[in-house]
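Annotation source TrEMBL lists domain 'VOC' at 102-226, 232-356. Marked as Zn(2+) binding site by TrEMBL: 156, 174, 222. Here TrEMBL flags 222 as active site, proton donor/acceptor.
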């Protein structure tokens, strides 16, 4: 039996009929097709599946196609994808820099909520701002800090029913608190039974007077001697495996500013201070790289930092563009309707972005 094959003009090629090599498509039968022989519909299909972020940041694939189509003799699809990705990143960078972002709170787990609240209020001078109990999910939160949540960086403690101990691991470093007199603060902490792990004195390689203490769960706090500041809870220190990679990520995906770096070759570590404003007025992220160490044990005690944003949807797309991993797609939380999105940085540190307007409503 002889099969009659329809005329070529009546065949409607699908994307699966083509192979892409170096941006130039060819058929399954090895026949090369120049970009200008490829149907525009197929070009749009291929482009759209490759860079969905374009539409989100307001970029039109058709404009890029027209621009690339004027370059006779270039591999159109590959060039369009490359150009569109670069354009999407540039647009995302502009938006991230304009977004109204602020570090809202840091979240971690403790084994005895009342004991920790007592230590923070009596020894560290914090105020208990609010508590909330969620019995159906078997946990309680307590928020503590040096000022109201709508204008200050605060601590969110989490107590999970029946769990009295956690593993802090080796990746988490410490929290920083600015005080006017480190020595007096240390004496008070000692009088209350607190644990001092580093007596007051100048920081290694510098002149700032510091001391280190531990709370009842073993979390370390660095006391830094400073003048009056609007943000006493001033640092969260995390260890990272590649400092350059982390700085690049936090600048682009999170819109943070690199405030300063300090290398200490004698002690084999480098730090980078990053945040949304100067250290003396804002909470900052202190990233620490220890020479030659690329991986750490994160344990199960420290949870995340929360950051405010004007748009969790655009934030999620920007995080994806610059190498972050979205662990919770943007959208409202069940029950309270606060919009959030959660992500991981290249080292696996978790951050939750919270809609600014929803956050203020939640505080009400």
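Positions of Cβ are set from backbone N, Cα and C atoms, glycine also.
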| query | the domain 'VOC' (102-226): mean pLDDT? | reply | 96
| remark: Cβ neighbour count (10 Å, all chains) around residue 222 (Zn(2+) binding site) is 21
| request: Return the residues near residue 174 (Zn(2+) binding site), defined as same-chain residues 6+ apart in sequence whose C-beta is under 8 angstroms from its C-beta, sorted by sequence, else 'none'. | output: 212, 219, 220, 221, 222, 235, 237
| remark: Across the domain 'VOC' (232-356), DSSP labelling yields 21 helix, 57 strand, 47 coil
| said: Please list the DSSP helix, strand and coil residue counts for the domain 'VOC' (102-226). | reply: 24 helix, 58 strand, 43 coil
